[in-house]
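Now, the feature entries from Swiss-Prot:
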| type | residues | note |
| --- | --- | --- |
| DOMAIN | 28-197 | domain 'FAD-binding PCMH-type' |
| ACT_SITE | ARG177 | active site |
| ACT_SITE | SER226 | active site, proton donor |
| ACT_SITE | GLU296 | active site |
Amino acid sequence: MKGSHGPCSDLTVTMLENVPLAPLTTLKIGGNARWLVRPSGVKGLSRYCRTCPGDLPRFILGGGSNLLVDDNGFHGVVVDLTHTLNAIVVEHQDAHGGILRVEAGAATRKTAHVARQNGLAGLAFMAGIPGTIGGALRMNAGAYGCDVKGVLLDAQLMDATGNLHTRNAQELGLAYRHCDLPKGWIFVSARFHLARGESEAIKSQMRDYNHKRTQAQPLRYPSAGSVFRNPAGAAAWQLIDAAGLRGHRIGDAQISEKHSNFFVNLGAASSLHMEELIELARNRVAQHSGVQLTLEIGILTPQGLRTEPGR
């Protein structure tokens with residue numbers, strides 16, 4: 001891994017070549033990115049969008065959660081916003097609440113804590129969600145009956161040619177783990193409209209959420225979070241349980257014994273074994289319950305992102 005004068009090298013962009021992706025993901029699986037780009041800020045990101053060759057596949061990396069990277073890596077450009085586009089600012093505050101502006105590379109957990117410190121309620125559910133605000137927007141992240149849609153005022157996005165746009169929650173089509181993000185567009189920042197809250201009460205709520213997470217989720221081993229979306233009227237983990245797969249293992253890839261919708265890396269899991277385990281779970285659940293599970297995680301292959309298993 002080294003700095004390079006790559007295909008979109010520029011003073012406003014840091015470019016690295018052949019970067020291992022496994023350490024940058026919560027699952028700790030995957031090969032190298034051909035290039036990794038860290039724009040210096042919004043202007044650097046715009047410059048990148050305008051000058052980087054269009055034939056190079058591109059992937060926006062947030063906190064690396066909800067992601068399985070192929071062992072053969074990614075033969076394109078990974079864009080990392082976490083080092084520069086990570087500001088969290090209170091734009092407005094009064095007796096009723098305030099507006100928190102957060103750049104896409106900021107961590108969701110840090111965002112929740114900054115809101116609490118400023119007496120702003122509504123983001124406590126993010127305290128236990130790994131990843132970044134950009135990723136949270138992309139999948140309308142949520143927990144404990146709350147989600148991004150419920151608190152989002154608007155978001156700033158950049159199109160494939162480097163121009164900025166603003167969209168509200170309705171225009172983004174936010175729904176359960178879904179967002180109508182135009183192809184090639186990148187989240188730059190978001191503004192959250194939050195109610196006034198008492199800092200200690202919010203802290204207690206966050207502590208309660210984190211306790212529930214510790215009790216329910218397998219935090220001992222690397223995972224990508226929930227592998228499948230919950231189908232209507234059911235919980236994915238219950239369907240996987242009913243199919244008799246709790247604890248099932250292929251190599252070092254395992255369906256967690258603690259939570260069946262979390263697939264963990266016991267130490268040296270390969271992407272092949274993890275995908276085989278995902279496909280096994282889908283097939284068994286379909287046979288047992290007649291339900292076709294849909295992936296919540298993405299699979300980054302050498303050619304780009306897939307949202308369905310299959311090599």
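Here the Cβ of each residue, glycine as well, is placed from N, Cα and C on the backbone.
The CA atom of ARG177 (active site) is located 7 Å away from the CA atom of GLU296 (active site).
In sequence order, ASN66, ALA236, ASN261, PHE262, GLU296, ILE297 are the residues of the chain that are 6 or more apart from the residue listed as 'active site, proton donor' and have a CB within less than 8 Å of its CB. Per-residue pLDDT, averaged over the domain 'FAD-binding PCMH-type' (28-197), rounds to 95.
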